[in-house]
Amino acid sequence: MNFDTLKKFDEEIYEVIQKETKRQRGSIELIASENFVTTAVMEAMGSQLTNKYAEGYPDKRYYGGCEEVDVAENLARNRLKKLFNAEHANVQPHSGANANIGVYFATLEPGDTVLGMNLSHGGHLTHGSPVNISGAYYNFVAYGVDSVTHRIDYEEVMRVAQEAKPKMIVAGASAYPRAIDFKKFREIADAVGAYLMVDMAHIAGLVAVGLHQNPCEYADFVTTTTHKTLRGPRGGAILCKEKYAKIIDKAIFPGLQGGPLMHVIAAKAVAFKEALEPGFKAYQEQVIKNAKALGEELKKQGFDLVSDGTDTHLLLIDLRNKNITGKDAERLFDEVGITVNKNTIPFDPQSPFVTSGIRIGTPAVTTRGMKEEEMKKIAGVMNIIIDHPEKVSEAQKVVDELCNQFKLYE
């Protein structure tokens, strides 16, 4: 993209953009929630649509002059519905968190009981963490994973649900590497008369191409981010049954937000169109192949994987046998240009600020064109960093070679 005007007016911000672009080009991005959007998505985000206020919804705006942005929002809504075979879509949430809070606001009263996945077992802040508005406003009861298999025990979820009698059950995770059985969650919700909400933010791209069970078949409400595996701009969306359309739309506007970000909604529409293209399935298939290949090679190098592997795009690594914390590992990897994030593991003895694990994923490296052979090299680099720090120059060389071979935004 051309930043000539910005360079002349605000050299400081121009420098930030240039340095961040250089960082992205010169590092291996393994944070599971990050990806690289296309130039088309960025062009839509940087368009004149950023100038338009459009409170309300298409054909029901509180401002004049919304004819063109109505077209953009309808394109985004219709493409998203087609992508997930959903009855209704709201593309206005500014984030996945706003999408989640919007569903709660539409369906719950303060103090209502909700079942959500324990944050330290792979859930998300907005699934009832006491430091989040979800945990402060609602009575969240947590379910987790089995202490041995580190997988969701659906019989235990049923037991907790029958005991807690929640008004809503939230399924979905931010650090759970295995496929989630939404049909079983529907059965549990029906058994206790609860709404079922699925947060598919991490796996939306996999769901879109049929590589993971589609929650829209089972859930009353499905929330998502539009980035991560979906590879769109940063934002959120809600899918629901048509009978809930009015309460969801009302909860987002005027309930939670004011004016929608029309430039971001246009960029969402572009990303959804990309996801409807045949090549998007091949991309997602490679994401999973890469995650599995990376996991297998890491196991060969002596790393412990939570649940012993992955069905998705992400891996959770237990570093306790390596005698290093997630916090320290994140720093060491960052020094050679491998970006990961420290992450709690199930039943973690460390604090969330230190952690015993790291979370990694393959969406971004797959976007760059890397495949299974490159995953083996990356695993080798990770092993050097943790077990053979005296060979750090070798690791740096491999990182540089991979980044030079697989170009980004050039």
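A Cβ is built for glycine as well, from the same backbone N, Cα and C atoms used for every other residue.
As recorded in Swiss-Prot:
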BINDING   L119, G123, H124, L125, S351, P352, F353  (6S)-5,6,7,8-tetrahydrofolate binding site
MOD_RES   K228  N6-(pyridoxal phosphate)lysine
SITE      H227  site 'Plays an important role in substrate specificity'
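Distribution of Swiss-Prot features across the structure.
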residue : record                                                  : DSSP (3 states)
L119    : (6S)-5,6,7,8-tetrahydrofolate binding site              : helix
H124    : (6S)-5,6,7,8-tetrahydrofolate binding site              : coil
H227    : site 'Plays an important role in substrate specificity' : coil
S351    : (6S)-5,6,7,8-tetrahydrofolate binding site              : coil
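With respect to their backbone Cα atoms, G123 ((6S)-5,6,7,8-tetrahydrofolate binding site) and the residue listed as 'N6-(pyridoxal phosphate)lysine' stand 16 Å from each other.
A Cα-Cα distance of 15 Å separates K228 (N6-(pyridoxal phosphate)lysine) from H124 ((6S)-5,6,7,8-tetrahydrofolate binding site). Each residue contributes its Cα atom, and for H124 ((6S)-5,6,7,8-tetrahydrofolate binding site) and H227 (site 'Plays an important role in substrate specificity') these two points are 16 Å apart. L125 ((6S)-5,6,7,8-tetrahydrofolate binding site) sits 18 Å from H227 (site 'Plays an important role in substrate specificity'), taking the C-alpha atoms as the reference points. Rounded to a whole number, the distance between the Cα atoms of H227 (site 'Plays an important role in substrate specificity') and P352 ((6S)-5,6,7,8-tetrahydrofolate binding site) is 24 Å. Cα separation, H227 (site 'Plays an important role in substrate specificity') to F353 ((6S)-5,6,7,8-tetrahydrofolate binding site), rounded: 25 Å. Fewest Cβ neighbours within 10 Å among the binding-site residues L119, L125: this applies to L125.
The binding-site residues considered are G123, P352; of these, P352 has the fewest other C-beta atoms within 10 angstroms of its C-beta. Taking Cβ-Cβ distances under 8 Å and a sequence separation of 6 or more, the neighbours of F353 ((6S)-5,6,7,8-tetrahydrofolate binding site) in its chain are K327.
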